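Novice: Straight out of TrEMBL:
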- 12-198: domain 'MHYT' (DOMAIN)
- 282-414: domain 'GGDEF' (DOMAIN)
- 423-673: domain 'EAL' (DOMAIN)
- 12-36: transmembrane segment (TRANSMEM)
- 48-71: transmembrane segment (TRANSMEM)
- 83-103: transmembrane segment (TRANSMEM)
- 110-134: transmembrane segment (TRANSMEM)
- 146-165: transmembrane segment (TRANSMEM)
- 177-195: transmembrane segment (TRANSMEM)
- 215-236: transmembrane segment (TRANSMEM)
């Protein structure tokens, strides 16, 4: 070690040694950053970064060597062989390229260390080739021990440098640069300490000191240009990457159509507002916004017009914002806003600006349109300190504003909005009800009034909620229709009723209610045909019930579907007659097999002569058209007697039999089940539930 330091201090120009060290440090720093860039790229671009890394490393190492050599004062005239000097540079470039490519393309295992070893060998080969190009007026000899140590230092430190780089991270990058400096400096000065020069009168071409200093400056300038080019490439690419990341972040966090922040950006801002409010014991408003007539504009003017409406509203909303205010487009025709509150009067001003921006008319291709909007406001933490609940509360208030023909801004009120929340929860529970065996069928008997004999049963859907208990069909059937669940539930009811009825002895008729949605959205006739084939139920035993409202929703289509079903041999009943349109044209347009008088008429007939007159009129229509009439809701003997005297054919109600599960009806002895059908029923039931669960 003393020999090495003695060589540096006694035999070198300190200024050139410092210049060589600084150049080596800069070159290694740039090399490390360029090498890390190769690890982040692929394809041809990766090989471009490989070459730039190797060139920067080779030039900085080579220049470090020759500047330090120019600062070496052996006490005799010196010179350089130009050919070998250039060869030494090529060795550094080729060796560094091979080493960095190996380390960068095989970034795991020992490949980085092996690549680093190759870089170290190229440093050593460059150094000693350069020393071979060194001409002195004397004889050069070497201390083999120090020579071996110099090579081991170069190879070992370079191998460790690139193995460390494989870990990634800023610390690894800086450590790699430091190790490369040590490898280069360590090799050079250990190698120089190994050199022994014995002066001798040798003829040759030697340079004067002034020329050597000029050469040192030229080499330094050249090295700085090349290393600077590598650094510039890195910085330019880094800047482009930063701009790209910023652009991608902007795209990810902003709506491309309106230029407003999107849902992700809104959620980030909401988190920030909650944190700030908690820290300062502050409060803020969450405003949910839904455009009122956007769908109408889309339908009438086209989607291009709808997009233009959103763009205009986006500019308006962005332009009205002040400090502490934030608006985002959260999807479709929905927006959301945050307002950091001072007092309620300030909030009223903000809401007023939002309302004016939404309701101000818009010009589209010469037409004036108005979108308008409904706003729901929830206050944090007054209404809730929970993020998800806050958004939900604003949503509930917004839907209340949407339903109000006058008020377009509503604040969350628990007593008014919790009912809607409960309906949403119930709708979510209904989605899982069938898969969890919570739905079942009860059957209510239908009898002949004249003889008292059973004519059939009506299948009635029941829902037993695990927490709430029994829920009325009047409550959950509308929920099923609103949330797109009526089709799978209706299919399950039809399939289950037919499958269970197929096992009955005697073979009574089974009546099943149909929803209007089933007529609009499903190939009903095909479904009925499939269910009958699967369950083995005779078509004559199935009766489908529908209301006049169902027919009037799409009269032409409904009558076509009814004719298809009737062609299968299935009978059709007109349910709740008297409560809907009660059009005689409906009876004329389609040959119904049965008319059902709504329960409300039978209950009121005794006290209301007009109601009794309506019952008589319906019975008269039935006789005239040759259609049997069934009266629903019979609860007293007086009602049954009145219907008998008026000539009504059949009846159904609590007096004759309450709805009951099949097992209870079987237990009463009115129905028996065949063993074969019972087995079929159990197997198909599991299949139907599994299908609904999917």
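Just so you know, glycine gets a Cβ as well, placed from its N, Cα and C.
What's the neighbourhood like for each of these?
Specialist: Long-range Cβ contacts of the transmembrane segment (83-103) within its own chain (Cβ-Cβ under 8 Å, at least 6 residues beyond either end) map to 35, 38, 47, 50-51, 53-55, 57-59, 61-62, 65-66, 111-112, 114-123, 125-127, 129-130, 132-133, 158, 162, 165-166.
Remote same-chain residues near the transmembrane segment (110-134) are listed as 57-58, 61-62, 65-66, 69, 78, 80-85, 87-89, 91-92, 94-96, 98-104, 140, 150-151, 154-163, 165-166, 183-184, 187-188, 191, 195 (criterion: CB distance under 8 Å, separation of at least six residues from the stretch ends).
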Novice: In the domain 'GGDEF' (282-414), how many residues does DSSP call helix, how many strand, and how many coil?
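Specialist: When I sort the residues of the domain 'GGDEF' (282-414) into the three classes, I find 59 helix, 39 strand, 35 coil.
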Novice: The domain 'EAL' (423-673): mean pLDDT?
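Specialist: Mean pLDDT across the domain 'EAL' (423-673) comes out at 89.
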